[in-house]
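*Asks:* Supplied in structure tokens, the structure appears directly below.
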Amino acid sequence: MALKQLDHVRWLLDKDFKAGMRVTGLIYGDSYIIQNLEKEGALEQIANVACLPGILKHSYAMPDVHWGYGFPIGGVAAFSMDDGIISPGGVGYDISCGVRVMLTFLDQDEVKPHIDELTAAIFTKVPCGVGSKGAIKIGESDLLDVLANGALWAVKKGYGTKEDLECIEESGRLPHANASYVSKKALERGKPQLGTLGSGNHFLEIQVIDEIYDENVARRFGLNLGQVTVMIHCGSRGLGHQVCDDYIKVMLRAMTKYGIKVPDRQLCCAPLKSQEAREYLGAMQAAANYALANREIIGHMVRDVFLRFFPKAELKLLYDVSHNMAHIEKHELDGVIMDVCVHRKGATRAFPPDHPSLPEKYRPVGQPVIIPGSMGTESYILVGTKRGMEECFASTCHGAGRVLSRKAAMKSEDADTVLKRLEQKGIKVMADQMGTIREEIPEAYKDVSRVVDVVEKAGISRKVARLRPLAVIKG
DNA sequence: ATGTTC
């Protein structure tokens, strides 16, 4: 057995597991999570990532890990800027897919009597579902502006406030975006979709804070028991998908050109110093800016609707963070601080207290981390820790993580039964397509509280609060 | 995730 248990929640995948592994695998999980890992091929993928050139320390797997395109979802891998690589498969098809939480100044008792109308009004306002479009109309030059400026563009156009920006990662704008590396096809797909939620696991929830674990941090974040919040989970839509598709082809050519050998073609990549890497980074950051703008615009639309019902709602942004990104960040290795390229695919950046990238108001406690649960289950707010910074490149989990494939989930139950069950729990659900409801049944996912307990026990982030859904909008 | 198989 190549997996060595280090403590209750840490497992080391030995280099003997597979020929070509340059580093060990470090997996966070309890025994249930480790069992699931073996049966679905994720373990093999963790080992494959460990074979990539220039990988640093470990190939990491968070407790929500499961099989993905090339890299596992829930995987983290950092690469040296000197001899490392960048890979579209390590970011994922939905570039900068991520999540934000907005805080109302309303108690659940004020909102509950209006929840049906409120949810219906948001459902009408925010287009959702596969191929959804038409939230706002922009031309080619505005789209280029979005790709260059992210959420800053949205705020400039009145879709959001200046105060939002400091609570978005990278202040809402990735600086090395370069739209000239984004294909015409990607631009065409993205133009009509700005301000739309999309489909799959994307959602919009109205929630209530029903448990506080850390009073001090919760106070700093502005979280109170009974307070209503809004969570938005979506990404870069067809534009990001097309960028990934385009650059997988570029990287397959680059592998031949640079003589890179990988155990799985889906891990195709290019040296970080190459022109191909520069172009992917520019295109990926442009797609990420699209996603940041998208969440800012949707947030603004939700704010509009809430204010119509409740003039004092406010909807202050707690934080907006991506969980599908490669970032070039400073990390300490063997006592030396250096730039490294951290791929987080279905994993969340979680900066510790005092990190210079954090807005000043969060510096004393650390970065808010947002962990959505599966449909109808609780979500969590965590906070980044020093140990996470030192041990796993400031990373943590991103959600519940699938245990059933979309296809397998589709077979299990009809949508009406799922909706009825959620209704009995007092959760209002509105969806564009019933197929999505079946794909997203809670049984298709791990228990998010189990996942969060693992990262807390490991000390790579800490629980702050739990959010219970009142209403869910699905694509 | 995705104009859910250009």
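Glycine too: its Cβ is placed from the backbone N, Cα and C atoms.
Worth saying up front: this structure is predicted, and the values here are computed from it rather than measured.
When I checked TrEMBL for this same protein, it listed these features:
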ACT_SITE  A:His398  active site, GMP-histidine intermediate
BINDING   A:Asp94, A:His202  Mn(2+) 1 binding site
BINDING   A:201-205, A:323-324, A:372-375, A:Ser379, A:398-401, A:Lys474  GMP binding site
BINDING   A:His233, A:His323  Mn(2+) 2 binding site
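Give me the lay of the land around each of these features.
*Replies:* When other Cβ atoms within 10 Å of the Cβ of A:His398 (active site, GMP-histidine intermediate) are tallied across all protein chains shown, the result is 29. In three-state terms derived from DSSP, A:His398 (active site, GMP-histidine intermediate) belongs to neither a helical nor a strand segment and is classed as coil.
A:His202 (Mn(2+) 1 binding site) falls within neither a helix nor a strand when secondary structure is assigned with DSSP, and so counts as coil. Within 10 Å of the C-beta atom of A:His202 (Mn(2+) 1 binding site) sit 24 other C-beta atoms, taking all shown protein chains into account.
Around A:His233 (Mn(2+) 2 binding site), taking its Cβ as the centre, 23 other Cβ atoms fall within 10 Å, counting all chains. DSSP assigns A:His233 (Mn(2+) 2 binding site) to a strand in the three-state reduction.
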*Asks:* What are the sequence-distant neighbours of A:Leu204 (GMP binding site), meaning same chain, six or more residues apart, C-beta distance under 8 angstroms?
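*Replies:* The list for A:Leu204 (GMP binding site) reads A:Ile122, A:Val126, A:Cys128, A:Leu197, A:Val230, A:Met231, A:Ile232, A:His233, A:Ile298, A:Val302, A:Val472, A:Ile473, given in order along the sequence.
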*Asks:* Rounded to the nearest angstrom, how far is the Cα of A:Asn324 (GMP binding site) from the Cα of A:His202 (Mn(2+) 1 binding site)?
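*Replies:* So the Cα of A:Asn324 (GMP binding site) lies 13 Å away from that of A:His202 (Mn(2+) 1 binding site).
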*Asks:* Between the Cα atoms of A:Asn324 (GMP binding site) and A:His398 (active site, GMP-histidine intermediate), what distance do you get, rounded to the nearest Å?
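*Replies:* Per the Cα atoms, A:Asn324 (GMP binding site) and A:His398 (active site, GMP-histidine intermediate) stand 9 Å apart.
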*Asks:* When a 10 Å sphere is centred on the Cβ of A:Asn201 (GMP binding site), how many other Cβ atoms does it contain?
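*Replies:* Summing over all protein chains shown, A:Asn201 (GMP binding site) has 24 other Cβ atoms within 10 Å.
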*Asks:* For the binding-site residues A:Asn324, A:Ser374, which one has its C-beta crowded by the most other C-beta atoms within 10 angstroms?
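*Replies:* When each Cβ's neighbours within 10 Å are tallied, A:Asn324 tops the list.
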*Asks:* Rounded to the nearest angstrom, how far is the Cα of A:His323 (Mn(2+) 2 binding site) from the Cα of A:Gly401 (GMP binding site)?
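*Replies:* Given the Cα positions, A:Gly401 (GMP binding site) is 13 Å from A:His323 (Mn(2+) 2 binding site).
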